[in-house]
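Going by TrEMBL, these are the annotated features:
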type: ACT_SITE; residues: THR311; note: active site, nucleophile
type: BINDING; residues: ARG45, THR329, VAL330, ASN331, ASP359, SER388, SER389, GLY412; note: L-glutamate binding site
type: TRANSMEM; residues: 7-26; note: transmembrane segment
Amino acid sequence: MASQTIKVIYVLLFSSGIGGGGFMTIRIPGNSSNSTSEVWSVDFREKAPSGSNTTMFTTVANSSQIGGLAVGVPGELRGMQTAHEKFGKLPWKQLVLPSVELAAGFKVGVELGKRIARFPDLMLKNPDWTPVFAPGGVLLKENDIMHRTNLSRTLMTIANEGADAFYTGSIASSIIRKIQSTGGIMTQKDLTDYRANAYLSLQGTYLDKKIYVPKAPTSGPVLLHMLNIIEHYNFTERTDLNVHRLVEAMKFGFAARTRLSDPAFRNNTQLIDEVPTKEFAAAVVRNITDDRTHPPEYYNPIYDVSVDHGTQNIAVIDQNGTAISLTSTVNLNFGSQVMDPETGIILNDEAMTIRQMDDFSIPQGASNGFGLRPSPFNYPEPEKRPLSSTVPTIVENISDGSVYLAVGGSGGTNILSSVFQVIVNVHDWQMNIGDAIESGRVHDQLYPLETDVDNTYPEDLTQGLRERGHNVTILNVSRVASAITGVMRDEFGTLFGM
């Protein structure tokens, strides 16, 4: 698992990397037919540096997104280390070595090629980036070979010395020099003190399934809330009424999401704790009207929150029932746009999300790039982890405890609504995993005031939304929105993935 994650990171390096962080949900099957599984989550989300404060992004334009000040303390390798120590079997070096060779030279894929073309100034004018992304002054494109020699050397060091090389050794010193030289406040102690958190996953039920998700600061509690809402209806048919209810569940879900933040920084977690409960959903359902939708204030958002993007998800189920859903990110495309030329590591902008540090909220700030306004629960504080849209999810059959689905995704706020719809597609609307993921989707996050509908979504269902007052915006399904990965196990034990 660690090896696959690290390899994917370098092929999709615009969105995830060892300079970032994330979350994973891991299912460990029982040792015998009589024993039950355990499902764990690992939080390796970036943290705000110890020198952070609530006004740190208010004076310099874009400082929460670009430059050293935007960089949160990376958690990726501590997360991999924690999972390996708790669940791994193969030697660490054996897992990392394949990535050493991959980083030395790999073919540019279609998505990476598109992202390189979108940042010509960064690639052609920044001396840290040009040798890798535009050698000879020419932007690399799809099918070209990218050589990341410096990163390959870094990975060899990590293979030989373990994750500590990143957090306490020569790699750490190089990273800190680069961050501070580009306006950042991270210190060596911030890296040294970073720890990933492993805990038994938050769990809920949806009809005959058990749902496992990470706790806050992910949006896992909100996914359970939305499933709890639609559990009150007969969802066996994909009707215009049920699609309206689906969107209403999203709107109440995004309102509930404004309650969330890093629970370690809340004096009272009641607002967070009640979100995934059946009782909270039952109170919400009474306010859903089948004939019309409502303006945002009807859904009682406490605040609006900023969101993350630039993510990559991996979903795996093996023949023994071990399952993993892992979402990793450096946030915006190419993170903070700070790359350490010595190590080849691209650093996140998560301090922004606290606005990561763009996943953090900014006091008196404008709406973020996804249209949501700031929440004081998510203001930057020293060592705080920003709110995340990620929901790496594992689903089991209640009847026999077997694994049913591992799913997660990328795409900022769209992750939450997309994972929600994939679960409904496979469970209620009887789609196979391929159709469930490829099928057109809807999305409504309260702000902006629109319901996004893919242009492949059935017209009769879209018209039903219009008739109920939804401000429908038709979008091209091929746009960059949310990419979902999932693996489903049928009743015969056959695995299907997408």
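Each residue, glycine too, has its Cβ placed from N, Cα and C.
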Query - Rounded inter-Cα distance in Å - SER389 (L-glutamate binding site), THR311 (active site, nucleophile) - result: 10
Query raised in the report: For ARG45 (L-glutamate binding site) and THR311 (active site, nucleophile), what Cα-Cα distance in Å is obtained after rounding to a whole number?
Result: 12
Query - Residue among recorded positions THR311, THR329, SER388, SER389 with least C-beta crowding, 10 angstrom cut-off - result: THR311
Report task. Pop the Cα-Cα gap between THR311 (active site, nucleophile) and SER388 (L-glutamate binding site) into the table, whole Å please. Result -> 11
Query raised in the report: In this structure, which of the binding-site residues ARG45, GLY412 has the fewest other Cβ atoms within 10 Å of its Cβ?
Result: GLY412
Report task. Quick one: pull the CA-CA distance for THR311 (active site, nucleophile) versus GLY412 (L-glutamate binding site), whole Å only. Result -> 8
